[in-house]
Amino acid sequence: MGLPWYRVHTVVLNDPGRLLSVHIMHTALVAGWAGSMALYELAVFDPSDPVLDPMWRQGMFVIPFMTRLGITNSWGGWSITGGTITNPGIWSYEGVAGAHIVFSGLCFLAAIWHWVYWDLEIFCDERTGKPSLDLPKIFGIHLFLSGVACFGFGAFHVTGLYGPGIWVSDPYGLTGKVQPVSPAWGVEGFDPFVPGGIASHHIAAGTLGILAGLFHLSVRPPQRLYKGLRMGNIETVLSSSIAAVFFAAFVVAGTMWYGSATTPIELFGPTRYQWDQGYFQQEIYRRVSAGLAENQSLSEAWSKIPEKLAFYDYIGNNPAKGGLFRAGSMDNGDGIAVGWLGHPIFRDKEGRELFVRRMPTFFETFPVVLVDGDGIVRADVPFRRAESKYSVEQVGVTVEFYGGELNGVSYSDPVTVKKYARRAQLGEIFELDRATLKSDGVFRSSPRGWFTFGHASFALLFFFGHIWHGARTLFRDVFAGIDPDLDAQVEFGAFQKLGDPTTRRQVV
């Protein structure tokens with residue numbers, strides 16, 4: 001049978017045994033990829049600096065997902081939080097990877113078995129002896145089982161009743177760790193940044209799934225509904241399954257890109273909106289102001305800013321800065337962060353404090369402009385010297401560092417001042433090692449960006465797939481030219497047109 005590539009799946013259309021087989025094989029491929037990818041990432045991952053070289057800077061994709069579910073230790077003796085451990089146990093990164101690979105192998109064997117032994121009694125209708133699936137009943141079984149899994153995850157794993165809990169952090173991604181989470185049953189449970197909502201929603205959705213599954217197992221659909229929604233057609237199952245998948249893909253693309261309790265910034269990196277809104281910058285200034293109010297010096301106040309918080313306030317960690325086709329991790333772009341140089345404060349010769357305007361997300365280049373506390377432009381790096389009025393040289397700008405490696409160091413020569421003014425456009429200033437990975441200096445996106453792009457793209461593709469297969473199953477008779485209520489046996493193929501009234505008939 002010479003089928004075109006886009007019609008090859010018709011071979012399992014009326015073959016339940018082999019339909020099951022190819023789905024088991026697909027599960028084997030997915031689990032095998034996950035386990036293999038985890039082992040690859042563990043082979044290249046450097047856990048030595050969780051502050052300046054976290055997993056998301058290194059381009060890790062599956063390690064963050066394991067970590068948010070409670071895996072923090074490695075058989076290599078390290079912990080994701082930076083410490084060392086002696087007994088990681090079976091549920092370590094390598095243990096989870098190995099479990100996926102073993103599961104993949106078992107699924108592979110099961111797929112082969114079901115391909116060979118495809119003609120099982122369970123797939124046959126007792127009355128006709130032909131292959132037949134009770135799709136509403138199967139739907140009820142699957143709904144019930146997924147409800148049990150959903151409820152179990154929320155009630156046991158997330159809450160720590162039987163499991164580790166999940167990754168929970170503060171709003172600024174500084175104190176994250178795996179811990180049990182109590183369900184949030186109030187209105188706060190609907191806040192996407194409240195971890196308790198994860199527990200309560202899984203418990204509620206799981207309960208609903210269990211009840212709905214039992215309903216569909218005990219109540220048969222009305223005949224009119226059964227026929228209207230083509231519940232006896234396997235392509236209906238395909239269409240509705242695709243709908244569930246694309247809807248989920250759109251949802252997770254949103255929670256990843258805009259941020260939520262399910263996508264902590266310590267594991268996936270900050271969101272672009274945290275740069276756009278000056279989220280970390282405001283918190284840093286708040287802490288410095290609080291320090292000054294306690295009679296600390298400017299140097300002392302800035303020295304107490306956590307390096308981790310300062311690093312978030314750097315445009316190179318913005319996932320929207322990476323180009324669409326720039327492959328590689330963030331470390332391959334601007335380099336591996338080595339240390340915070342400190343916060344530069346610029347002043348003109350009259351002693352006014354000046355602030356460098358920060359580069360917006362979607363700019364590759366941006367003019368260097370320094371404004372005072374009232375937003376009035378006081379200095380810049382001009383494009384044409386002949387026209388300049390506010391150049392660093394003319395205004396006499398100096399820079400002094402507070403906190404970090406250059407704490408207390410000041411510069412007055414214009415070349416150095418301009419260098420740090422350009423770097424201040426990009427947020428807090430860090431020393432970056434470009435030599436180790438031969439980094440090219442061009443920003444890359446984080447796994448947050450990759451995940452969002454991939455899931456949004458496939459969601460759109462699957463949306464069209466849902467429309468396509470839904471239309472095919474609902475209007476099958478129209479497309480085939482066959483009346484669904486046809487009670488005469490028709491010899492199709494005897495004439496060029498299906499449904500030709502001159503076609504030979506034989507009354508049943």
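Along the chain as shown, residues are numbered 1 onward.
Using the three backbone atoms N, Cα and C, a Cβ is placed for every residue, glycine included.
Taken from Swiss-Prot as is:
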{"type": "TRANSMEM", "residues": "21-36", "note": "transmembrane segment"}
{"type": "TRANSMEM", "residues": "101-115", "note": "transmembrane segment"}
{"type": "TRANSMEM", "residues": "140-156", "note": "transmembrane segment"}
{"type": "TRANSMEM", "residues": "203-218", "note": "transmembrane segment"}
{"type": "TRANSMEM", "residues": "237-252", "note": "transmembrane segment"}
{"type": "TRANSMEM", "residues": "457-472", "note": "transmembrane segment"}
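Outside the transmembrane segment (203-218) by six or more residues, the chain places 136-137, 139-155, 183 with a CB less than 8 A from a CB of the stretch. Outside the transmembrane segment (457-472), and at least 6 residues removed from its termini, the chain residues within Cβ reach (under 8 Å) are 235-236, 238-240, 242-243, 245-247, 249-250, 253, 479. Between the transmembrane segment (101-115) and the listed ranges 21-36, 140-156, 237-252, the one holding the most Cβ pairs under 8 Å is 21-36. Nonlocal intrachain contacts for the transmembrane segment (237-252), taken as residues 6+ away from its ends with a CB within less than 8 angstroms of a stretch CB, comprise 135, 139, 451, 455-456, 458-460, 462-463, 465-466, 469-470, 472-473.
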